[in-house]
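*Asks:* Starting off with a structure, shown below.
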């Protein structure tokens, strides 16, 4: 559990302690009044009234015992609320509140009691769902409190021992993670959860057979040449550059042509019928979250094209009645920032350079053709740009 230990260390290394100056007097401040506790999952939100008659107040702290250890939470005098969180059991807790002045004199205590609601790690665990996916296992859950958690997958080895294979972290409300790298043969999998306070869940086990998955061979890819597709080029940057196997080459549409409006379409022909599992997009280098890079888009698929259809059929959306929609997708900055930028954070940059990965729902039928419907880009222009696209799945070819 080295990764988990590192996760916990990271979460706690940045806690700041209040500045403690040399005492100048020995007179304690008045205590807080009207303390009240509202239970929350794994803790409580404590409110109180700060003494208004004394200007010599530095901070308020709450002390409580949990698992045989004394814990302290501090907050500024500008707050009238203390947050206690990270409790892993539903047991009564008594919190003692103190006012501390600039000389570190401590007021008389004010106590409040509460019983935490069910801790997030437990409710998240109860919502876990494990199913076989392409190349591994798909884990989904609900995290109403958006608490940051680590999810570990274990697999039974030849000796019958469950071995940890990977740990991933998330604070998504509707969580979904895929753990890949497993052969398409029956195996016993297990999942456990840990939160940033070190609370751990039970272990959920299941026996699954991962689905076969491979990177689709791009040598069979071609443009689908559908009416309405934006296949224009700018500055001799070829359309096929975004599926040529090179993430640094790119396709840019004719950004000087004002006749193009959103939504814009681009389509691919795999040359084979495949059950898709996921795809990955690489943006234009140096314009990862800006310029003409896809931002919000849809992906549709079909195993055959209707012949003899009018241009109107392909341009006004009527074609959608004969295709299957995979999903609505959005490129998001991992940092949480939403503004377009050509100077992304390190986290944003790493995600873009690795390629943004998107899942194809397991229930989607096999397809040969895919059509991207681009609704917005990262700028206000009217063009498209992409460095590379890759698809994974099962194309029926012998491994």
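Every residue, even glycine, has its Cβ placed from backbone N, Cα and C.
Among the features that TrEMBL reports, domain 'DUF4959' is placed at 22-116. Annotation comment: TrEMBL describes 118-219 as domain 'DUF5126'. Annotation source TrEMBL lists domain 'DUF5000' at 244-393.
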*Asks:* Under DSSP, the domain 'DUF5000' (244-393) has how many residues in helix, strand and coil?
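*Replies:* The domain 'DUF5000' (244-393) comes out at 19 helix, 63 strand, 68 coil.
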*Asks:* Grab the pLDDT values for the domain 'DUF5000' (244-393) and give me their mean, rounded.
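*Replies:* Summarising the domain 'DUF5000' (244-393) by its mean pLDDT gives 91.
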*Asks:* Could you give me three numbers for the domain 'DUF4959' (22-116), the DSSP helix, strand and coil residue counts?
*Replies:* 0 helix, 50 strand, 45 coil
